[in-house]
Amino acid sequence: MRIVADENIPYVEHFFEAICYEKGSNEYGSQPSLLAQSEAKPTTLLLRSAGRNMSPDLVTDADLLLVRSITQVNQALVAGSSLKFVGSATIGTDHIDQPYLAENNITFSNAPGCNADSVAEYVTAALIQLKQNTGWDWVGKTASVIGVGNVGSRVVQRLEALGLRVLKNDPPRQQKEQRQGTCDDFVSLEQALNADLICLHTPLTTTGEHATEDLISRAQLAQIADGAVLLNAGRGPVINGPALMRHKDRLKLILDVWPTEPEVNPELLASCFIATPHIAGYSLDGKVRGTAMLADAVFQQFDLGNAPQWPQLPGGGVLTPKPEQSPQDFLQQAILTSYQPLHDDQIMREALQQQPGAETFDWLRKNYPVRREFRAFYLNLPLGPQWQALAKVAAKLGFQIDYEG
Ligand SMILES: NC(=O)c1ccc[n+]([C@@H]2O[C@H](COP(=O)([O-])OP(=O)(O)OC[C@H]3O[C@@H](n4cnc5c(N)ncnc54)[C@H](O)[C@@H]3O)[C@@H](O)[C@H]2O)c1
Ligand SMILES: O=C(O)[C@H](O)[C@H](O)COP(=O)(O)O
């Protein structure tokens, strides 16, 4: 079995070495390992410097192809190859021609939900920074979440934990649940666009009744009130680029994904409160979960037993309030100790200023530092009813809770 993996999938070696003949970057290996000894065909892990440059000649002899969202997997890439399995260590699948893979008996697997907590934490931390840096306070405000799947439902949960009233818009789910008689309380897109904070978490789809490309275009942007917060951590082309240019200066924009990604319009960038290079889902936990989910799928498909357990991850820690610090203050501090989107924003602005272009955008993503999810942080709290109330909120946001003494 031969595996071609994008170099930006972390811990591929950890999860796949048990079925490797030899690790290598450019050549098939020759040293047998545990499983390979009992296999008629040698098993090899190839790590290729690929991503956007993944080419048919790299893929042609492979049995397994493991990619991330920047590799277009379609007829042009895989026709004539010996591929049996394609895995994407991502939630999004808009880069994969799934019908073509199915027609050619190539199994496809992605990693649904792998980085959903990471995105929900991006949204949570962005709101704290919005409050601290601009005075925009969510008390008494309404939020809407457009696309209430794995990511969106966790965003709903976090926003409700912070005390916002949250409206949900998801016509595909609404229709399905209406048919099943289990419908949640969804609102129309028009109602959702009246909110003070609008969070987009839909996939990118270009066909069908609920296609999301340009879902938020001229007419929809015109409905959004001046000063409202528009956050997109789904896919860039869900907002129409030229229409966004018209409205950019009257909205508070938080953009992790871009209409012309990996190119970023510098004027759009300048208008954003937070601008990040598609890293909302880039917690280490989310990335490792993505690789682990692919390993599970591969081990199951090829009847290889159980995939390896997770490796030990670096980072995280214990956070303790200072004497006299209010619970509210401490929670905000804990969130920003765990993650600060404005830090990523600053790095992106500086990098793109020095060297504008798609390569810089890709470089920022490839070299993204370790960021642990809130679950890796323990809040060590004093006893007392105020702190217990805080503990409830903090646990809903994902933190681990300990009590002093
Ligand atoms: N910025 C990032 O780092 C990042 C990270 C993870 C996911 N994403 C993007 O977010 C998307 C959503 O992720 P997910 O895990 O929640 O996927 P999901 O499939 O679990 O949920 C997507 C939801 O969007 C809904 N939807 C589809 N079309 C819609 C429409 N026209 N209007 C409203 N809702 C619609 C679906 O019914 C579904 O409930 C992914 O497809 C990916 O493109 C981005
Ligand atoms: O779809 C996803 O899971 C996210 O958008 C993810 O963050 C994409 O990351 P990439 O594969 O581009 O590294």
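Sequential numbering from 1, following the chain as shown.
Yeah, the Cβs are placed from backbone N, Cα and C, and that goes for glycine too.
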Listed in TrEMBL for the NAD(+) site shared with ASP170, ASP256, GLY281, one of THR142, THR182, THR202, THR291: THR202
Listed co-binder of substrate (same site as SER69, TYR282, source TrEMBL) among THR90, THR93, THR260: THR90
Other residues, Cβ within 8 Å of SER69, THR90, TYR282 Cβ centroid (substrate site): ARG68, ALA89, ILE91, GLY92, ASN115, HIS278, GLY281, LYS287, GLY290
Rounded Cα-Cα span from THR202 (NAD(+) binding site) to ARG235 (active site), Å: 7
Three-state secondary structure, THR202 (NAD(+) binding site) (per DSSP): coil
Contacting recorded positions, sequence order - ASP170, THR202, ARG235, ASP256, GLU261 vs ligand 2, Cβ under 6 Å: none
